[in-house]
Amino acid sequence: MRISLILVFIGPPGSGKGTQASLLSEKFSIISVGKVLRTVMESNTAEADVVKKFIKSGKLVPSNITNKIVVNALKNIDQCKSIILDGYPRDIFQADFLQENLQMDFKVLFFDIDDAVVLRRLSGRISCTDCGTIYNKLYCMPKINGVCDICNSSSFQNRVDDDESIIKLRLESYKKETLPLLEFYKAQDKLTLIDANQSTENILKKIKKISGIY
């Protein structure tokens, strides 16, 4: 691989990982596991039924499916750019798998945020039906009302996993499965904490400084 830098974004749903990845996409290739899983969910495959069942119940999708998605994405991505892994790994098993298959160093950024902020953000979230770009009815709508900034589509939808009851289940699952990664990566001196309660602009400045490529 010719990749110069890999940033791993981990944190609860709604912590702003996807927003920051989009803002950095000029210099980074983005692998958004959540976005890929939603694409799989909308496909006409047996795998789609499995993914849909887990996402609708607020649980993590099984690692055998998620790991396969990441490996395929790494094979097909533009390796002349640096990479952001958005939302992966989500548990210790996936973290071990990533280190075995990546075979190069990376930095882990943990987006730390209050549960109340997550609930407020996700309950107002919508996405473009055509390209999947995420907006928020409370603070981040398209520049032209009703028209996606990226693909000019006028079709938007509420995501199935952004229902309040499902959000709470996702947070519980995250705390159980993903929080142990903090100690895992802290012990390897890979971990940097990001206060995701801050403004988008302040978070972006910190990530740019950490990356060292701006």
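The backbone N, Cα and C atoms fix where each Cβ goes, and this holds for glycine too.
Looking at 85-123, 124-162, the range tied to region 'LID' in Swiss-Prot is 124-162. Of the listed segments 2-31, 32-61, Swiss-Prot assigns region 'NMP' to 32-61. Within its own chain, the region 'LID' (124-162) is flanked in space by residues 13-14, 18-19, 22, 35, 38-39, 55-56, 58, 170, which lie at least six positions past its ends and keep a Cβ under 8 Å from the stretch. The DSSP breakdown of the region 'NMP' (32-61), given as helix, strand and coil counts, is 20 helix, 1 strand, 9 coil. Secondary structure by DSSP for the region 'LID' (124-162): 3 helix, 12 strand, 24 coil. In this entry, Gly14, Ser15, Gly16, Lys17, Gly18, Thr19, Arg125, Ile134, Tyr135, Gln198 make up the residues listed for ATP, with the farthest two CA atoms of the set 19 Å from each other.
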